Amino acid sequence: MKKNMKVLAMAVGLTIMGSTTAAYASPGGLDKNGGHTCRTNCGKYGLETGEYHYHNNWKQDNGKWYFYDQNGTKAKGWQQVGTIWYYFNGNGAMQTGWQQVGTTWYYFNGSGAMQTGWQSINGAWYYFNGSGAMQTGWQAISGTWYYFNGSGAMQTGWQAIDGKWYYFNGSGAMQTGWQLIKGVKYYFESNGAWNPNK
């Protein structure tokens, strides 16, 4: 009888252990939510001991978004997720709005996606190249010349640049040839510079 009780007790114990183990991810494994709690070598992955994290997925914490790669490492700096580029600060928090990375300015929308091409921001137009870098100075875009000031804002109307006068229409396009501006005719050379002698 005692022998049977011992066998029963062992069976119950194994059952309990089995059910408890099934509730957690095995070391290095993922639970049903696609993540797990870091127990060892957490600093290597940019995590705190006991921090729950996902693999190849997003996590929101205290209003900030974080991304964990396929190894469960918290993304920092530039990270491409799908076809979209994001930037994460030193703590791994996704960045939005204007961000200076090195000496270059970038703009990230409210979802954190890096912007390219033409963007209207706070009433001004900006242009970002294919790498997302904000452009300044003279830029030829689709065969048309534009001018962006030092803050990257597209210029319109009369602009004095390097000692010469230029005129940009309401869309920012540099004008050439004869132009009627507020009832007065002006002539602009092929490089856009105003010629006051014509």
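Cβ coordinates come from backbone N, Cα and C, glycine included.
Quick caveat, the model's predicted, so the values are computed rather than measured.
The signal peptide feature in TrEMBL is assigned to 1-25.
The repeat 'Cell wall-binding' feature in TrEMBL is assigned to 55-74 (among others). Taken together, the residues of the repeat 'Cell wall-binding' (55-74) have an average pLDDT of 90.
The repeat 'Cell wall-binding' feature in TrEMBL is assigned to 75-94 (among others).
Among residues of the same chain six or more beyond the repeat 'Cell wall-binding' (95-114), those with a C-beta under 8 A of the stretch's C-beta atoms are 65, 78, 84-89, 121, 126, 128, 132-134, 152. If you look up TrEMBL, you'll see 95-114 (among others) marked as repeat 'Cell wall-binding'.
Tertiary neighbourhood of the repeat 'Cell wall-binding' (115-134): same-chain residues 85, 104-109, 141, 146, 148, 152-154, 172, selected by CB-CB distance under 8 Å and a gap of 6+ residues from either end. What TrEMBL records for 115-134 (among others) is repeat 'Cell wall-binding'.
With DSSP classes pooled into helix, strand and coil, the tally for the repeat 'Cell wall-binding' (135-154) is 0 helix, 11 strand, 9 coil. Positions annotated as repeat 'Cell wall-binding' by TrEMBL: 135-154 (among others).
With a threshold of 8 Å between CB atoms, the same-chain residues lying at least 6 positions outside the repeat 'Cell wall-binding' (155-174) that come near it are 125, 144-149, 181, 186, 188, 192-194. Under the heading repeat 'Cell wall-binding', TrEMBL lists 155-174 (among others).
What TrEMBL records for 175-194 (among others) is repeat 'Cell wall-binding'. The helix, strand and coil residue counts that DSSP assigns across the repeat 'Cell wall-binding' (175-194) are 0 helix, 11 strand, 9 coil.
Distant neighbours of the repeat 'Cell wall-binding' (55-74): 30, 34-36, 38, 45-47, 81, 86, 88, 92-94, 112; these residues of the same chain sit at least 6 beyond its ends, with a Cβ under 8 Å from one of its Cβ atoms.
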